[in-house]
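Inspection log for the structure reproduced underneath, given as structure tokens.
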Amino acid sequence: MFEKRTWIRLPRNVVVGHGVLGQTIEAVSELHLTGRPLVVSSPTPHDVAGKQVVAQFEDEGYDPSEIVIEEASFDAVQQVIDHASDIDAGFLLGVGGGKAIDITKMAADDLGLGFVSVPTAASHDGIVSGRGSVPEGDTRHSVAAEPPLAVIADTEVLAEAPWRLTTAGCADIISNYTAVRDWQLAHRLKNVHYSEYAGALSQMTAEMLVESADSIKQGLEESSWIVVKALVSSGVAMSIADSSRPASGAEHLFSHQLDRLVPDGALHGHQVGVGSIMTEYLHSGQKGKWRDARDALAAIGAPTTADELGIDDETVIEALTTAHQIRDRYTVLGDGMSEEAAIEAATVTGVI
């Protein structure tokens, strides 16, 4: 008897391009959201775009409220929940990078309210996915939530963000290639459910970004266009799979372990990018495609070595040998690799 079923939750509106921040009201109106809007941002994004979003709602006769959060934490999520309850918010808008959007996403999910994502930096695929990431102590928690009802990504705003945030977003996408390989491996060895559609979309997105790496340059709005479209595709792949598997494999375990060992280390995207160089080597050996990943990262100015991450060699090896302990997710790391094997992988690929 056939009993398969799936429920794919996707954004209804994805508005990307030059000056689209000015279309926020139009995009929200099409969603038929009612009630008082709550705009959530962090300090810099509040100045860059949050004030403009609030002003748009005021001009249209809404009574918007706003809250500026200082850090990504479960306490901040609760602050947003409490504020939204106090003002009887009808829907939430997250304006910013990963911090504000993840917190808004999780708060909206807890409240059962609609959520609109307004990224000010193309730094990771959380701008469209149904997962939030929040640190707690030396651990970073990945929490399931509803994806945004709409994404409004103004490439003019994104192009003004610090370039390192854009290169982190690129690296996050490039790492999808090894994430999919890990997913396929888990399917073959552990019978983990694998979605051909989600896997193909994620892999294609990574490959297209690698091919476009030479065109991604600082100061070009076109670069933001390329990167944000890739981030949207990656988020959609996760929604189709109802899992972070299409975009999170051993390279993400490596990054999360680095977060534990070096809490104020490099950007998430940069860490997974370096991780993907080594995990691709583990998948395909010395003649594999790890050079393609490394060269693409180098072309956009993203780190490819421990030194460029600002992390010492010993910590990289420790993270690689213990990354499998982060969560119960089968990857090429299996039940752990020896220190000798980790040193070889990091040395051959030039990471250390």
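Just so it is clear, glycine is given a Cβ too, placed from its N, Cα and C backbone atoms.
Non-local neighbourhood of Gly98 (NAD(+) binding site): Ala72, Ala121, Ser123, His124, Gly126, Ile127, Ser133, His268, each in the same chain, at least six residues away, with C-beta under 8 Å from its C-beta. Annotated NAD(+) binding site per Swiss-Prot: Gly98, Lys99, Ala100, Ile101, Asp102, Thr120, Ala121, Ala122, Ser123, Ser129, in sequence order, evidence recorded as sequence analysis.
According to DSSP, Asp172 (substrate binding site) is assigned to a helical segment. In the structure as shown, the Cβ atom of Asp172 (substrate binding site) sits within 10 Å of 35 other Cβ atoms. Annotation comment: Swiss-Prot describes Asp125, Asp172, His256 as substrate binding site, evidence class sequence analysis.
Marked as Zn(2+) binding site by Swiss-Prot: Asp172, His252, His268.
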Binding-site residues compared (Ala100, Ala121) - the one with the fewest other Cβ atoms within 10 Å: Ala121
Cα separation, Asp125 (substrate binding site) to Asp102 (NAD(+) binding site) (Å, whole number): 11
Candidate with sparsest Cβ neighbourhood (10 Å radius) among His252, His256, His268, the listed binding-site residues: His268
Listed binding-site residues among Ala100, Asp125, Asp172 whose Cα sits within 10 Å of His252 (Zn(2+) binding site): Asp172
Rounded Cα separation (Å) that holds between Asp125 (substrate binding site) and Ala100 (NAD(+) binding site): 14
